[in-house]
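S.K.: Starting off with a structure, shown below.
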Amino acid sequence: MNVRDLRKRVPYQIQRDVLDELSVDQVAEKSDFKISTKEKLRDAVRCTGPRFKSCFLSFVPLLTWLPRYPFRDNAIGDLISGISVGIMHLPQGMAYALLAAVPPVFGLYSSFYPILIYFIFGTSKHISVGTYAVMSVMIGSVTERLAPDSDFMIPGNDTNSTTLDIIGRDAERVKIAATVTFLSGIFQLLLGLVRFGFVVTYLSEPLVRAYTTAAAIHVIVSQLKYSFGISPQRYSGPLSLIYTVIEICALLGKTNIGTLVVSIVTILGLVAAKELSALAARKIPVPIPVELITVSYFIQLNTYMHIHIYSTNLVGQIPSGLQAPVAPAVSLLGSMVGDAFALAVVGYGIAISLGRIFALKYAYKVDSNQELIALGLSNAIGGLFNCFAISCSMSRSMVQVSTGGKSQVAGAISAVVILVILLKIGELFEELPKAVLAAIIYVNLHGMMKQFGDICSLWRTNKVDMVVWVMTMILTVLLNPDLGLAASIAFSILTVVFRTQLPKYSILGQVPGTDIYRPVEDYHQVKEIPGIMIFRSSATLYFANAEMYIDALYEKVDTHKHHQRDSEKKRKLQRKQIKRSAFEETVCVWKYMVSAFNQGEEPQFSETDDSGEEPELSHAEANGDVNKLSVKESKDVATVEVGPDPDSTLPQAIILDLSPVNFLDTVGVKTLRNVRHNLYPLAIY
């Protein structure tokens with residue numbers, strides 16, 4: 001039996017009274033039991049021993065999984081993975097510190113403290129938290145806006161000369177970065193405590209991918225000054241990216257050739273090395289630390305060839321050891337609330353999206369609210385130690401998984417690697433050109449730039465999502481990452497509103513031989529049920545589209561009326577043609593019979609008709625009365641009887657298909673009542 005046979009319509013009858021909502025409640029004996037708000041509040045604050053233990057263990061997941069850690073199965077993989085990821089943290093941390101407009105050593109701090117906090121409170125086993133390009137460039141926009149170079153220019157010895165106070169500027173920017181990071185952590189912590197993890201649902205996948213692509217463009221433009229060895233003016237606010245590109249183009253004549261050569265050689269070397277590493281990945285269990293090898297090479301090159309003479313922008317001093325915690329600058333909090341909230345939402349959205357991907361792949365659950373708490377504590381505590389905001393990195397996470405990482409023990413080991421670098425070998429990286437770090441950033445962003453291919457795929461699958469992608473890209477590029485995110489979310493929500501206000505209205509018909517109903521305008525074989533019109537809207541019914549719903553329904557009824565009127569005209573014309581044919585046939589028979597009697601001949605009739613039965617003769621024909629002779633009309637002639645319908649062009653009943661309606665407000669209810677009130681006098685039920 002094929003699928004079509006299984007779905008054939010089965011005739012059935014419903015023998016019961018028509019029930020409204022109140023009648024159903026009475027028949028089913030609807031329960032009136034409700035828990036009062038006071039009882040709900042009392043149950044929420046009730047603290048028992050098992051409940052306290054469960055809450056505490058859910059707040060500190062480390063105490064749940066670490067005692068059951070399978071040391072024999074996971075230890076070697078986590079060790080190798082932790083060392084590999086720790087090596088990646090070194091160049092990426094310093095490079096992303098440049099995006100945040102703070103000294104590179106603070107990128108190493110941001111790769112140490114937050115990782116340890118997430119190790120204790122996080123629920124994802126595979127993501128690698130730490131510095132991230134998008135978060136860093138958002139931090140950089142805040143630090144450079146609140147602490148521009150112009151505020152740290154000191155007069156020189158000459159009358160018209162000024163000197164930039166780099167030490168004072170960097171100290172102020174570090175304080176700003178730490179404060180906004182602390183505030184974003186507080187936002188994440190509060191959202192997690194009030195179980196507000198669902199806020200990330202407003203960040204659709206096309207929006208996030210377009211936003212990260214646009215942020216990558218901001219990152220690239222911000223690093224061009226290190227690649228060309230120039231010092232463009234800092235712009236802030238909307239269109240700042242456009243102004244910066246124009247300024248860089250104007251300063252290309254002052255390019256430092258040595259810096260440009262270092263940048264180009266580094267980019268080409270990194271691309272070639274990554275391609276070779278990808279080809280050798282199947283044979284080598286541990287990925288080649290391409291960035292670390294590149295950094296080490298230029299350190300050795302600077303030792304023997306003194307390339308710092310030709311490249312003016314160097315990493316600078318990297319102090320050994322760790323810094324003591326510092327309280328955030330409370331006076332600055334009011335000027336960075338919007339930036340901090342944007343950091344909180346973007347950082348959480350990226351982390352939870354990647355965490356859910358790995359959780360689905362390896363069959364475990366990630367608690368979205370606990371992730372908010374973990375990231376909030378990581379940023380809040382990290383801000384006290386002069387760290388800048390963190391999230392998770394796709395590249396580091398993939399390395400952590402591919403090298404055998406099974407838990408966040410690998411993250412803790414990577415933090416230990418950074419600690420060793422901070423305590424012992426940090427000073428080796430002081431003479432590293434910043435152009436090398438900029439080149440590392442360019443190469444690591446190639447994955448984000450590939451996301452431009454989403455436009456073609458979305459055009460084929462969902463054009464509305466494609467519009468959201470393009471608009472998010474444009475808004476983020478023009479308005480900067482902070483304002484661009486808010487504008488993109490607003491535009492994405494507006495597309496949902498527009499789709500409910502501009503739904504598709506259609507008349508449903510039956511697929512022949514089945515119980516399936518489809519829009520009659522989309523299918524050639526779908527036919528309407530005679531006398532019944534099934535009206536369907538593709539969106540819910542509420543105040544924003546109630547008036548359009550009524551207009552569309554009446555328009556469909558009017559269209560149905562004209563269609564039925566045309567069909568009625570065709571049927572009348574067919575009946576007239578049938579009657580005319582029957583009359584002409586009767587006349588021909590009469591003429592033949594009269595002619596035969598006039599000639600004294602007896603007309604010859606077949607004794608049987610086509611069916612083989614004796615023809616029925618009238619009483620006059622049996623007595624030979626020719627004048628009263630009649631001929632029976634053909635049995636194929638159909639007689640159509642029309643009932644006493646006052647207006648046969650209108651449907652006898654209209655069925656409103658409300659399956660897409662997921663809620664009804666008061667306006668929607670009134671709309672349905674008005675429909676019934678207006679159609680009832682027309683004998684439409």
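Glycine too: its Cβ is placed from the backbone N, Cα and C atoms.
Look at TrEMBL and you will find 522-685 tagged as domain 'STAS'. Per TrEMBL, the feature transmembrane segment maps to 96-121, 176-198, 210-228, 240-273, 340-360, 372-396, 408-425, 469-498.
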S.K.: Sort out for me which stretch, of 96-121, 210-228, 240-273, 340-360, 469-498, has the most Cβ pairs below 8 angstroms to the transmembrane segment (176-198).
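M.R.: Stretch with the highest Cβ contact count: 340-360.
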S.K.: Based on Cβ pairs under 8 Å, which of the stretches 210-228, 240-273, 340-360, 408-425 lies most in contact with the transmembrane segment (372-396)?
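M.R.: Per the Cβ count, the answer is 340-360.
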S.K.: Between the transmembrane segment (469-498) and the transmembrane segment (96-121), are there at least three Cβ pairs closer than 8 Å, leaving out pairs fewer than 6 positions apart?
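M.R.: Answer no: the transmembrane segment (469-498) and the transmembrane segment (96-121) share fewer than 3 Cβ pairs below 8 Å.
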S.K.: Output the single range from 96-121, 240-273, 340-360 maximising the number of Cβ pairs under 8 Å to the transmembrane segment (408-425).
M.R.: 96-121
S.K.: Across the whole of the domain 'STAS' (522-685), what does the mean pLDDT come to? Round it, please.
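M.R.: Summarising the domain 'STAS' (522-685) by its mean pLDDT gives 67.
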